[in-house]
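*Asks:* Below is the structure I would like to discuss, written out as structure tokens.
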Amino acid sequence: VLIIAVLFLAACQLTTAETSSRGKQKHRALRSTDKNSRMTKRCTPAGDACDATTECCILFCNLATKECQVPAFP
């Protein structure tokens, strides 16, 4: 009787896990698509116009001149 009860509980957990993972799979796919779109955004090269929301390529946005610049190292 104990073996049957354990098997029944294991089967219930497996079906519950499978059902809930189906609903979450859609969200995971959307999340990975969003992540991929963020990863493929292009950065702005040196000398191009920028603002506080622009991503400059290994550079920084000089808000005074509003262009991407390479940082000056001493």
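For all residues, glycine too, the Cβ spot is worked out from N, Cα and C.
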*Asks:* What does Swiss-Prot give as the disulfide partner of C57, choosing from C12, C43?
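*Replies:* Record-based pairing for C57: C43.
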*Asks:* Based on what Swiss-Prot records, which one of C12, C61 is disulphide-bonded to C50?
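*Replies:* That record, Swiss-Prot, gives the partner as C61.
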*Asks:* Determine, on the basis of Swiss-Prot, the cysteine among C12, C56 paired with C68 in a disulphide.
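*Replies:* That would be C56, the partner Swiss-Prot lists for C68.
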*Asks:* Give the sequence-ordered list of residues that share a chain with C50 (disulfide bond), lie 6 or more positions from it, and have CB atoms under 8 Å from its CB.
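*Replies:* Expected: T44, C56, C61, N62, K66, E67, C68.
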*Asks:* Among the disulfide-bonded residues listed here (C43, C56), identify the one with the smallest other-Cβ count within 10 Å.
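*Replies:* C43, out of the disulfide-bonded residues C43, C56, has the fewest neighbouring Cβ atoms within 10 Å.
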*Asks:* Who sits close to C57 (disulfide bond): which same-chain residues at least 6 apart have their Cβ under 8 Å from its Cβ?
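*Replies:* Set apart from C57 (disulfide bond) by at least 6 residues yet with Cβ under 8 Å, we have C43, T44, P45, A46, C68.
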